[in-house]
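Enquirer: I grabbed these lines from Swiss-Prot:
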{"type": "DOMAIN", "residues": "9-41", "note": "domain 'LisH'"}
{"type": "COILED", "residues": "56-83", "note": "coiled coil"}
{"type": "REPEAT", "residues": "106-147", "note": "repeat 'WD 1'"}
{"type": "REPEAT", "residues": "148-187", "note": "repeat 'WD 2'"}
{"type": "REPEAT", "residues": "191-230", "note": "repeat 'WD 3'"}
{"type": "REPEAT", "residues": "233-272", "note": "repeat 'WD 4'"}
{"type": "REPEAT", "residues": "275-334", "note": "repeat 'WD 5'"}
{"type": "REPEAT", "residues": "337-376", "note": "repeat 'WD 6'"}
{"type": "REPEAT", "residues": "379-411", "note": "repeat 'WD 7'"}
Amino acid sequence: MKMVLSQRQREELNQAIADYLGTNGYADSLEAFRKEADLSTEAEKKFGGLLEKKWTSVIRLQKKVMELEAKLTEAEKEVIEGAPTKNKRTPGEWIPRPPEKYSLTGHRASITRVIFHPIFGLMVSASEDATIKIWDFETGEYERTLKGHTDSVQDVAFDAQGKLLVSCSADLSIKLWDFQQSYECVKTMHGHDHNVSSVAFVPAGDYVLSASRDRTIKMWEVATGYCVKTYTGHREWVRMVRVHIEGSIFATCSNDHTIRVWLTNSKDCKVELRDHEHTVECIAWAPEAAASAINEAAGADNKKGHHQGPFLASGSRDKTIRIWDVSVGQCLLTLNGHDNWVRGLAFHPGGKYLVSASDDKTIRVWDLRNKRCMKTLYAHQHFCTSIDFHKAHPYVISGSVDQTVKVWECR
């Protein structure tokens, strides 16, 4: 199809070509072109670099078109393959589907953690830019920034009511933030000798657990800010700490390739899980609803060899995800499919699925009962570092080294 330019567009294009020839030293070509196009020898400033600008704009537009075409192809594929619509699928079967609902920008460095508020329509992102940002996940609106840390914020967690937020940082501190009114830091705790990599509230909300590169886990009293216990046993950097919903046990994972399950009220390690072949980056406790799917996948008969749990998922730099029965210290399932480190895990509230985030830039949805990856979302332009699944609303959020936070609608 022949494109027709207006007289003014032709004149601007000719001037831009003349400027390009002149600035790049094509004197003979410039002279011939001016004569052919009937241009004056006086070059106007507004045409300086115009051809290059138009060229790069076209490339950017082409890239956007390709991205949109990929998303459209994905959507068409789902329709052709007869993927059930949101109306036909029960909430227990909803999974995140492309394209993302929102891609949120504002952080100036990698995102380290994303979490949902337990009650309000808010989510929180932590970043290597030393800030914590609050967003409305339903509208995609930015709310506010919490500042106080002086180095990368490594993890954030809410208490059960969402009244307090705890954060930890490479600046060696743990901070408590009022999330009801002031959004101010109300306490700062010090005690670790190295990067504090993870934090979690115990369910009652009166204590916080922290994990550090100094190889220890510490328990802090919220009311006083005092350290009341130190748990030792890991031989390397402790990457993550996550408390079981009942509160009597918690799990940690480490660069020493192990996961440890601890008794909260004592300093005793209940069990050590040792099948990973590299650093264990992340862990997640399975909800009770996942028990039947995990048991079926493990091939356990309901009468004989039934696994009671509790069950824990772990993701590693060995690119695998493992699911454990921590009551007996046994690995029940291994999920293979990621092409790089597994950095984040979250169970579907309905218990049928597990979602994972990886340095291969994807989010994967795993059908636990059938031990297979049922969907791959090409989620980010760089490593995916964190993921969370809302307990009540059909949303998943992810964070990345590409400095974006993405909101995915489940249907």
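Cβ from N, Cα, C; glycine included.
Mind running through what each feature is packed against?
Expert: Using DSSP to sort the residues of the domain 'LisH' (9-41) gives these counts of helix, strand and coil: 26 helix, 0 strand, 7 coil.
Summarising model confidence by region, the coiled coil (56-83) averages a pLDDT of 74.
Non-local neighbours of the repeat 'WD 2' (148-187) in the same chain are 109, 112-113, 115, 117-120, 124, 126-132, 134, 193-201, 203, 205, 208, 210, 220, 222, 225, 240; each lies 6+ residues outside the stretch with a CB under 8 Å from one of its CB atoms.
Proximity of distant same-chain residues to the repeat 'WD 3' (191-230), defined by a Cβ-Cβ separation under 8 Å and at least 6 residues beyond the stretch ends, is recorded for 154-161, 164, 166-170, 172-174, 176, 236-243, 245-247, 250, 252, 254, 262, 264, 267.
Within its own chain, the repeat 'WD 4' (233-272) is flanked in space by residues 155, 194-195, 197-204, 209-213, 215-217, 219, 278-285, 287, 310, 312, 314, 316, 324, 326, 329, which lie at least six positions past its ends and keep a Cβ under 8 Å from the stretch.
With a cut-off of 8 Å between Cβ atoms, the residues of this chain six or more beyond the repeat 'WD 6' (337-376) that come close are 91-93, 95-97, 281-294, 296-297, 313-317, 319-321, 323, 382-392, 396, 398, 400, 408.
Helix, strand and coil counts from DSSP across the repeat 'WD 7' (379-411) read 0 helix, 18 strand, 15 coil.
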Enquirer: Using Cβ atoms and a strict cutoff of less than 8 Å, what residues sit near the repeat 'WD 7' (379-411) while being 6 or more residues removed from its termini?
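Expert: Contacts with the repeat 'WD 7' (379-411): 85-86, 89, 91, 94-98, 100-105, 107-116, 118, 121, 123, 125, 127, 133, 135, 137-138, 140, 340-341, 343-349, 355-363.
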